[in-house]
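TrEMBL annotations:
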type   : residues : note
REPEAT : 136-170  : repeat 'PPR'
REPEAT : 171-201  : repeat 'PPR'
REPEAT : 203-237  : repeat 'PPR'
REPEAT : 238-272  : repeat 'PPR'
REPEAT : 273-307  : repeat 'PPR'
REPEAT : 308-342  : repeat 'PPR'
REPEAT : 343-377  : repeat 'PPR'
REPEAT : 378-412  : repeat 'PPR'
REPEAT : 448-482  : repeat 'PPR'
REPEAT : 483-517  : repeat 'PPR'
REPEAT : 518-552  : repeat 'PPR'
REPEAT : 553-587  : repeat 'PPR'
């Protein structure tokens, strides 16, 4: 079977993607008889016949696609050109730095660090030690903290080495700062090495920092080993230590195991606090044992700990997620009766749940009650209502509550506006959406990628691609990088409007940005080409799609079949459809629908 690619004939503004049939195609042994042959002489195409030509090319591409989907693709990365050195060797630390006495030097070091001049402070520290001055540990600790904060843990570690070698004695706070920096950077192994070589005894903060990092990384077993080391060193865990471990145990081993740890905590004379109990209540709720969580909540005073608003919010959220609205209402009333004032979060949980259930009237009742309990609604209180009104296509009510929100001193956030823009575009009111988008900056709310994507998609769907292109330029001017969704919307709109060459240009722009097109993007271009009666180019595009490692969908083939029929070759298109159906490329049900349309 021949895949025929014409290298001599191109339409203006369209690249035929000649390179897809290169060396790799010829050398691969897995093509199972599929040969890729370039036809240069246009007379050869005539001899084959237009009808046979189109059928064989689509079959050939489907064969290549089948091979690619079953085969393995290997990639070979080039080794880096060079490697960075691990150490730092100053050429002459005395050059161009002030030569001061030890007291003045330490004062100068403090000033540099306080002003955020970390690199200058680092060089000055080196010059101090080079002269034999002993640096003050406080500015050195601040220097380590500064480097850790910006992710330069390697530089922070070098500061520690300089300090240790200088004869100064780092205290536990200095080591804790470095340990914390390593943990935040995800370099837990380095933090553990610091723990092993500390010149002073680690304290409970040191251990808690490492335990938190291990637990957050899902390394509970290793965390328990560190706890045992801590106990051996007679550094006794505090309530934070156990709460960290209980939370991780709930997540990885279940509440049953966490309760054993709670018992151990109590036996060591460490009293759990409300945070510890909240972790357990949350774990019980996540295991779907809501009634047990409620019982635990009621028993907390007997454990010597009063539940707080967070405890109630955890259970309230679980009640809402399981549809126990009446229980949620009773819990809210019980909170107020016991003197545990609901927070904004409490009310937002209820409003969000009611809006998801379509109970907008009851959600409004909750919203209006908030000020009576000393709570001012925020954007998270209004957004679910606006979303609910938009979902029910009650745009007037949505705008009404947007205005009410602003009049009450609650300024909409980007989520609020995105909700409205999505609804307006779906309702075909794209001009209103553009107007809101243009006003966002004046309202102190910066549009984000999804904001532009929503409006570009809306404009593209109503045939206003010129405006969509202008919006794309605007977002790029604001350093917002478009994504595959941005371009798929625009390319689809251009193709539908018959602006195929513009669609292909946008396709190339997409690739130029390093964004990989998906099947939807390729299909949009092929549809535009077929509508323009340019199925030759559409087939070339299918070939390019396969060569770029994007697997064609059933839609890809049906677009080409309908395109061939549209050019007056209905009989040949039907034959092609039947054969692709037999090969399993197109489903029988889909083939029947396509046949009816032809």
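We number each residue from 1, going along the chain as drawn.
In case you wondered, yes, glycine gets a Cβ from its N, Cα and C as well.
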Averaged pLDDT score, the repeat 'PPR' (378-412): 92
For the repeat 'PPR' (171-201), distant same-chain residues with Cβ under 8 A (at least six beyond the ends): 137, 140-141, 144-145, 147-149, 151, 153, 156-157, 160, 163-164, 209-210, 212-214, 217, 219, 226, 233, 235
DSSP-derived helix, strand and coil totals, residue by residue, for the repeat 'PPR' (136-170): 27 helix, 0 strand, 8 coil
